[in-house]
Number of protein chains: 2
Amino acid sequence: MAPNTAPSFRKKALPDPLPLDSGRELAGVEIAFETYGELNVDRSNAILVFHALTGDQFVASEHPVTGKQGWWERMVGPGKPIDTARYYVICANVLGSCMGSTGPASPDADGKPYAKQFPVITIRDMVRAQMRLLDVLGIETLHAVVGGSMGGMQALSCAANFPERTNRVLAIATTARHSAQNIAFHEVGRQAIMADPDWQGGAYYGSNTPDKGLSVARMAAHITYLSEAGLTEKFGRRLQDRDEKSFGFDADFQVESYLRHQGISFTDRFDANSYLYITRAMDYFDLAEEHGGRLANAFRAASDTRFCLVSFDTDWLYTTADMREIVHALNAVAAPVSFVELSAPYGHDSFLLDVPALDRVVKGFIG
Amino acid sequence: MAPNTAPSFRKKALPDPLPLDSGRELAGVEIAFETYGELNVDRSNAILVFHALTGDQFVASEHPVTGKQGWWERMVGPGKPIDTARYYVICANVLGSCMGSTGPASPDADGKPYAKQFPVITIRDMVRAQMRLLDVLGIETLHAVVGGSMGGMQALSCAANFPERTNRVLAIATTARHSAQNIAFHEVGRQAIMADPDWQGGAYYGSNTPDKGLSVARMAAHITYLSEAGLTEKFGRRLQDRDEKSFGFDADFQVESYLRHQGISFTDRFDANSYLYITRAMDYFDLAEEHGGRLANAFRAASDTRFCLVSFDTDWLYTTADMREIVHALNAVAAPVSFVELSAPYGHDSFLLDVPALDRVVKGFIG
């Protein structure tokens, strides 16, 4: 598990306790972040990129644990659609995560890891923490906020709750509300983690970590990130390193081998409790509910903000229909919004992968 | 777990060892079954109903472990679409299962449970065992074979491998081949079971059973049995026994509570090793591959058999597109086939639920 061996992260301490939607507040919050490009003199060229559930701040630089390149290098960098030669790009590890920001593995007032004593947080809490980070960095208004999946939820939440902080909102492959099916898949993952005896009620820091449970959780979630057709094209029923079925329980099929690898490698870089807390925040997310039950109300103060929404035709996790509801809500408050459904074979993961049409949309909107 | 406490089942021993697709053979096979109605004098009115993954022989009578009514009472019985006043209905527990037929919990030659020494079986092996049961019962030719989901796979396999044994084949909500996505979901379930320390490499009989792992497996599978729209209608984001979110990890949402219940109650009636073996058999299922890579070849000897195929528009596990491939293969060998896609909100589980249009189709086809 990453946190015990992780390198030191670039981070800022928030000066005041952070109020949370639960009614609790969290003192001593630190937010880890990376930046790319240069802030201009009038501090008007900052773009905040929000990461997804298992993402991190290393949007365009090497991940210090895995050694892999940044998760959105194709989108963020000099001359890229989000051009760091022109913009100052900030990406912060979300509250509750495990790459340097305060989360369940962080020490509480006693100096011991919070574990299950960490408060349950919301998407809005994550955004609130990042707005406080901007305060520390002396950035009042962003050129844009950008995010896919849970990053898109944060972008929408930012527009709803802090409309004065950004001129543009780009939300990709996301939803304004976690559905029953979304919650169900997350609940399977949480139950898999909590069923692992190594979870120990969450108090596993310093001993065995619930890698088996976390691995199963990741496997289940991973299926939802891919399209059925994409899985068929990538793997079909092809066998892994063999000519015949084994008539056993080894990973006969490539798709089994792939999923097992996804599960196991995930445990090297992610904390199981963070997975519990962040999935919970996503399940709690319902932007309409936060605003009197009507989604349009969420955007009432954001009617001067420019929105761009992008869905993918093969994304069955957060569908085009989900995103159309957001468009309708924005239309109801006469906010300027452009919406495009892109065709891509990769399912939900399309926002991270090679979809040139997305590059063009992002470049056009960010300007 | 059921097998240790299960009542005695009505069953027959197969007189000869059963050859298996793996090349192994299995001696001392017993097949548990139930019958409804009376066999006529010329033994021509028998219908064999194949059950699904977690089903059993109690198609139209009370389940002896759960006390619940038969799983297809609305379809099978006097005056029902499969009319036991006219037909002799047989339903056998599949090979590898845990309701009386030989499976991993059964004693091997040493008298100890097979556990992981049980051979990996296929859908064709399951069907072969049931054809042997028919031999024992003195039934040569069936009026029809009928099945939904894995039952439909058996019905298709029966048509392909034992075409002389049945005049009619009714296959509902099924596929001729498990897709990469189908395999992926099953693999998550298997990994959840095998990650449970109580699984003990499969040798858990007589000690703690891997209920937590089996429960997670069931939860993951259960999501695939329901439609997204059905889940939304049934549960939406409604809370369970509370007015506010708990900001904890209890089952705040009804859908969480429901899934947890599905998982836990499943462990009362099902054996985890049976779940491993039967899901493996389903993943191995590819009727084309068994017949030279071309699905039409599978049905070449069945061109005099009458087929009826039924899909449901909200079934995303085995889709209408999957079933259309079967229709095309049957068309290629000029087998008489009727195909209907029914509209029902329940997803894959529609075949078990209240869909009056299905009743009419079944009644019309069975005659």
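Cβ atoms are placed via backbone N, Cα and C, with glycine included.
These come from TrEMBL:
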DOMAIN    A:46-352  domain 'AB hydrolase-1'
ACT_SITE  A:SER149  active site, nucleophile
BINDING   A:ARG218, A:ASP349  substrate binding site
ACT_SITE  A:ASP315  active site
ACT_SITE  A:HIS348  active site
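Counting only the Cα atoms, the space from A:ASP315 (active site) to A:HIS348 (active site) is about 4 angstrom. The two recorded residues, A:ASP349 (substrate binding site) and A:SER149 (active site, nucleophile), have Cα atoms 9 Å apart. Taken residue by residue with DSSP, A:SER149 (active site, nucleophile) is part of neither helix nor strand, so it is coil. Model confidence over the domain 'AB hydrolase-1' (A:46-352) stands at 97, taken as the mean pLDDT rounded to a whole number. The most densely surrounded of the recorded positions A:ASP315, A:ASP349 is A:ASP315 (count of other Cβ atoms within 10 A of its Cβ).
When other Cβ atoms within 10 Å of the Cβ of the residue listed as 'active site, nucleophile' are tallied across all protein chains shown, the result is 27. Annotation note: A:HIS348 (active site) sits in a helical segment as assigned by DSSP.
Separation of the C-alpha atoms of A:HIS348 (active site) and the residue listed as 'active site, nucleophile': 8 Å, rounded to the nearest whole number. In this structure the alpha carbons, written CA, of A:ARG218 (substrate binding site) and A:SER149 (active site, nucleophile) are 16 Å apart. The local packing around A:ARG218 (substrate binding site), expressed as other Cβ atoms within 10 Å of its Cβ over all shown chains, amounts to 23.
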